[in-house]
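One structure is given here, and the rest of the page talks about it.
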Amino acid sequence: MNSVGVVKPQTLHFAEPLTLECNRTLPSFELIIETYGTLNSDKSNAVLICHALSGSHHAAGFHSDNDKKAGWWDNMIGPNKSIDTNRFFVVCVNNIGSCFGSTGPTSINPESSKAQVYGPDFPLVTIKDWVKTQAMLSDRLEIDVWHAVVGGSMGGMQALQWAADYPSRLKRCVVIASTPKLSAQNIAFNEVARQSILSDPDFKNGRYLQAGTYPRRGLILARMVGHITYLTDDAMKAKFGRDLKSGKFMYGYDVEFQVESYLRYQGERFSENFDANTYLLMTKALDYFDPTRDYPLTQSAQPIDSLVPEELLASSLVESVKADSSEDELAKTLADSADIDNISASNHQELTALKAAFAHTECQYLIVSFTTDWRFAPERSQEIVDALMATGKPVSYINVDAPHGHDSFLFDIPRYMGAVKGFLNAPFMTDNQSKNSQQKLGARS
């Protein structure tokens, strides 16, 4: 119902060399895309969809009349849906490095002597590289300015990078369940996932296709680890609890709990459709993402007293040190105070760097977070909002109450879907209107 129907992917070849951030060059590359809706005469109704880690170009519709699995964002894209294909021309592109048709590790390396796949020789790519190829795609489609660039999770990072790198080429930026950069904890999760693949004996240093093997066990474990971070404790408790698959303990290492069965199923299904080398480079692209890297503010530490108001430093320290404090107590208090000041300084520097990264952007923003998302918590979205507001950018923010954790951005949640639709359909604000329109939709919670 309200589907875009059967869609046919298109493959576009780019003959020009592509220099990547890692200083390596692809001699040529291909991008596979899907489009939905009709581009209007002045090409002002185009919306770009950026996919997440395991996503692809197939965001909506079906590949045949018998296809039972719709695109990964079919509840968002279609006639009269949040991204209305009666109104917009929607483009979803599969990024290079993926395993769903665009040039990646499973593609033939044109520089190999025996027409072998790239495998581990495919260069590491970044969010910035992806956005660069998407801009090249825009040129090929003769779309000068996108009505909006939209993405969830890693797709949201691409939308942010678009705003920073091509400020005049998009009017709206929709960032959903995302973050300005990965935390140490998130990098750690990615490293555990990578090591599960790298340590699989069938990985063969990434040349498993040539060896006729496949690191299936490693990829299964990697997906199991990742999937846990997409869910919430409450959701897992409600769905599985401590339910046993057979109703009794089997006193062995086979699947006993329902949650074990679920995770293994998710891992096995993923391993059948995804490439291990692609998983490795996708997670590294996540780790590398940091739109503030191009700004020296992130490298220059400022004195604490220039970041925290003098009266705050004085009052907080004096009030916490009593006249009869022992030398040890005094030392501890001073140390605790220094820790607090260091945190304040760090937060200030992060905000300053983000402000610098987005100060030159020209688009309007919608930032969406979900209350139960602990992979990219609402606080991370609020960092983006704070930086945008501090630079006077027009930004709307909504923190949606949803039980699905990080995966909430894939669910049909009325308040969330309504916010996206309203934002995309609203008239573009002039500069004068923008100055008076900074708003946050929904309370911070």
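Here, residue 1 is simply the first one shown, and the rest follow in order.
Keep in mind that glycine also has a Cβ here, set from the backbone N, Cα and C atoms.
According to Swiss-Prot, the protein has these features:
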type: ACT_SITE; residues: Ser153; note: active site, nucleophile
type: ACT_SITE; residues: Asp373; note: active site
type: ACT_SITE; residues: His406; note: active site
type: BINDING; residues: Arg223, Asp407; note: substrate binding site
type: DOMAIN; residues: 45-411; note: domain 'AB hydrolase-1'
type: SITE; residues: Arg375; note: site 'Important for acyl-CoA specificity'
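Here the CA atom of Asp407 (substrate binding site) lies 8 Å from the CA atom of Asp373 (active site). Straight-line distance linking the Cα atoms of Ser153 (active site, nucleophile) and Arg223 (substrate binding site), rounded to a whole number, equals 16 Å. Distance noted between the C-alpha atoms of Asp407 (substrate binding site) and Arg375 (site 'Important for acyl-CoA specificity') is 10 Å. Non-local contacts of His406 (active site) by the CB criterion (under 8 A, 6+ apart in sequence, same chain) comprise Ser153, Ala177, Thr229, Tyr230, Leu231, Phe370, Asp373, Trp374, Arg375, Phe376.
Across all of the domain 'AB hydrolase-1' (45-411), the predicted model scores a mean pLDDT of 88. By a simple count of nearby Cβ atoms, those within 10 Å, the most crowded of the recorded positions Asp373, Asp407 is Asp373. Cβ neighbour count for Arg223 (substrate binding site): 23 (other Cβ atoms within 10 Å of its Cβ, all protein chains included).
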